[in-house]
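> Provided herewith is a single structure, encoded as structure tokens, for subsequent inquiry.
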Amino acid sequence: MSGAALGLEIVFVFFLALFLLHRYGDFNKQHRLVIIATLLAWYLCFLIVFILPLDVSTTIYNRCKLAVNSSPAESNGSFVTLPPSKQKCFKPWSYIPNGIMPIFWRVVYWTSQFLTWILLPFMQSYARSGGFSITGKIKTALIENAIYYGTYLLIFGAFLIYVAVNPNFNLQWNQLQTIGIAAANTWGLFLLVLLLGYGLVEIPRSHWNGAKRGYLLMKTYFKAAKLMTEKADAEENLEDIMEEVRKVSESIKYNHPLRKCVDTILKKCPTEYQERMGRNMDDYEDFDERQNSYPSEKSLVKLHKQVIYSVQRHRRTQVQWQILLEQAFYLEDVAKNETSATRQFVHTFHSQEPENKIIQYFYTPTVEWYWECLLRPWFYRVLAVVLATFSVIVVWSECTFFSTKPVLSLFAVFIQLAEKTYNYIYIEMACFLTIFFLSICVYSTVFRIRVFNYYYLASHHQTDAYSLLFSGMLFCRLTPPLCLNFLGLTHMDATISHKNTQPTAYTSIMGSMRVLSFIADGFYIYYPMLVVILCIATYFSLGTRCLNLLGFQQFMGDSEMTSDLIDEGKELIRREKRKRQRQEEGENRRREWKERYGNRDDSTRNRVVHTDQKESSFSEANTNRPLSKYTRSNGRTERDRIELLQDAEPLDFNADSINDDPLESDSGR
């Protein structure tokens with residue numbers, strides 16, 4: 001099993017990162033380089049989190065083996081026999097041979113740092129550029145990142161000059177490397193504590209509120225009102241941009257040098273706008289440079305950038321609106337079914353996507369009722385209590401992990417107890433649960449935060465390239481200090497434990513922080529205590545209240561603005577529900593009509609054809625017969641026509657379609 005656990009986790013983490021990226025990104029529409037760079041960044045960060053427990057167990061085994069080999073021995077002739085009390089070490093099932101982990105960590109760490117500080121910022125500017133060629137996009141990206149890269153080079157150059165001039169400093173390459181790592185980890189730790197303080201409170205609270213059906217429904221109504229405003233704004237913005245595109249397309253004709261740029265812009269527009277602009281375009285009219293003023297290439301680049309942004313935003317709001325409607329309808333169904341006497345879950349609308357037959361076989365309406373109306377609230381409450389317990393342990397350990405005598409950090413206590421019995425399975429599980437919970441608190445905050453419309457991770461393939469690359473940057477900057485903080489909580493970092501023991505392979509790659517004592521003994525130890533203040537601020541929703549005062553509507557139960565938005569969202573959901581019901585009723589009536597009168601229409605059509613053939617042959621053979629013969633035949637044909645008219649499909653009329661609301665005039669019509 002040597003190295004097998006490492007290989008299995010490498011494969012598993014790759015598919016995990018691929019699954020999450022497929023949920024948020026769009027493999028078909030986004031650039032391949034954006035997908036590959038984001039996947040690599042996510043994969044490396046998740047890999048560090050999953051592999052670090054194996055590094056801890058391997059380090060504990062190496063410490064045990066080193067202690068056995070260096071323990072006092074009893075001489076027995078020319079042989080050396082170890083005491084029985086020291087012969088406890090056995091190799092863990094996930095043991096990784098010496099020499100593999102240092103190389104592995106070195107490759108993973110420096111690759112992630114190259115991504116976060118050099119490649120991903122450049123690709124962000126490249127993805128947002130409106131250039132029409134690769135050269136133009138690269139030029140724009142270099143100009144935008146000149147200040148970004150120049151600032152770091154200026155700081156680093158000034159530091160090198162100071163070290164070279166000052167005779168008291170004699171820094172070598174390894175020490176310069178350690179200083180660079182310490183600077184990157186300091187920046188990451190500063191952001192890490194902010195995100196961790198929010199996640200430690202918000203994750204247990206969100207699961208506790210998830211058990212409250214009324215709370216979830218009110219919050220969904222609130223989201224509906226806000227999303228409708230954003231959706232209307234996105235549609236209006238798209239209309240304005242498309243109007244500018246139409247004017248540019250009409251002014252720049254087919255033989256203009258910039259017509260290729262206009263065609264590139266038109267390909268990024270929605271299909272209905274492309275068809276509309278294509279009908280109004282006259283390709284046979286030449287342009288006259290002396291009479292008309294044409295837009296420059298720089299203005300077309302700006303317009304191209306606006307088109308990409310507006311189309312992406314419009315598509316995202318449309319998809320999010322449909323998802324929010326399904327969520328609101330389902331929560332309303334849960335509220336109705338809670339008082340059901342039959343204890344079978346009844347849906348107002350059937351699922352638009354085909355259900356899996358296996359899931360449909362086991363997840364029956366009765367099972368669904370017991371889960372949604374009875375078991376799920378209690379499950380969420382129990383899970384919230386467990387997560388809150390973990391949060392309290394993390395906060396306590398963050399404030400006391402610097403104490404080694406006595407050991408006050410609970411995570412360090414758990415690991416040291418397992419280390420005495422060499423229970424490697426328990427050590428790996430404890431380490432994995434600890435770092436996994438810390439990662440969930442930090443990464444979930446990254447997925448939740450939204451910086452206006454510039455950074456927003458939206459599920460169901462609605463995240464733009466800029467946000468994907470920015471999330472990869474954040475993950476690469478947050479993961480190394482997160483792992484160092486975890487090693488400090490468990491006292492596996494020699495800088496914290498102050499023990500002359502073998503360090504983990506991950507810590508050895510980071511180098512000794514003693515080069516910068518004010519960071520190792522000051523910032524790394526006392527700054528994490530700030531998480532207590534951040535947790536208190538999050539518990540009392542101070543950030544939400546501040547945003548609400550600044551005009552950014554946030555969900556607050558005691559706010560009048562929140563109540564108004566809830567009422568507005570409830571009315572919007574009611575209208576969409578009534579519209580969906582009318583559509584389903586119309587489809588059901590048409591389906592019933594086809595099932596009931598489909599065969600009759602075919603037989604009537606055949607009878608009419610047979611009658612016409614018979615009458616034509618009869619009239620040709622008997623042209624001299626009395627007029628009464630023709631009258632009788634025409635009467636039978638007339639009766640068939642009357643029967644066909646009676647079988648005609650009635651109008652799809654519903655009294656609910658008559659509505660005084662002007663917003664629903666189109667749907668009612």
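Backbone N, Cα and C define each Cβ position, glycine as well.
Copied straight from TrEMBL:
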TRANSMEM  6-21  transmembrane segment
TRANSMEM  33-52  transmembrane segment
TRANSMEM  103-126  transmembrane segment
TRANSMEM  146-165  transmembrane segment
TRANSMEM  177-201  transmembrane segment
COILED    224-251  coiled coil
TRANSMEM  378-396  transmembrane segment
TRANSMEM  425-446  transmembrane segment
TRANSMEM  466-489  transmembrane segment
TRANSMEM  523-542  transmembrane segment
REGION    576-669  region 'Disordered'
COMPBIAS  582-617  compositional bias 'Basic and acidic residues'
COMPBIAS  618-634  compositional bias 'Polar residues'
COMPBIAS  635-644  compositional bias 'Basic and acidic residues'
COMPBIAS  658-669  compositional bias 'Acidic residues'
> On the 0 to 100 pLDDT scale, where does the coiled coil (224-251) sit on average?
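The answer is 92, the mean pLDDT of the model over that range.
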> Counting Cβ pairs under 8 Å to the transmembrane segment (177-201), which of 6-21, 33-52, 146-165, 425-446, 466-489 comes out on top?
466-489
> Using Cβ atoms and a strict cutoff of less than 8 Å, what residues sit near the transmembrane segment (523-542) while being 6 or more residues removed from its termini?
186, 189-190, 193-194, 196-198, 200-202, 205, 391, 394-395, 398-399, 401-402, 484-485, 488, 495-496, 513, 556
> Within the same chain, where does the transmembrane segment (425-446) have neighbours whose Cβ lies under 8 angstroms from its own Cβ atoms, ignoring anything closer than 6 residues to its ends? I mean 6 or more beyond.
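For the transmembrane segment (425-446), the nonlocal Cβ contacts are 49-50, 52-54, 56-57, 60, 92-94, 192, 195-196, 198-200, 202-203, 387, 390-391, 394, 411, 414-415, 418-419, 457, 471, 474-475, 478, 482-483, 485-486, 489-490.
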> Do any residues of this chain, six or more beyond the ends of the transmembrane segment (103-126), have a C-beta under 8 angstroms from a C-beta of it, and if so which?
6, 33-34, 37, 40-41, 44-45, 47-48, 51, 55, 137-138, 140-142, 144-145, 148-149, 152, 184, 466, 469-470, 472-473, 476-477, 479-480, 505-506, 509
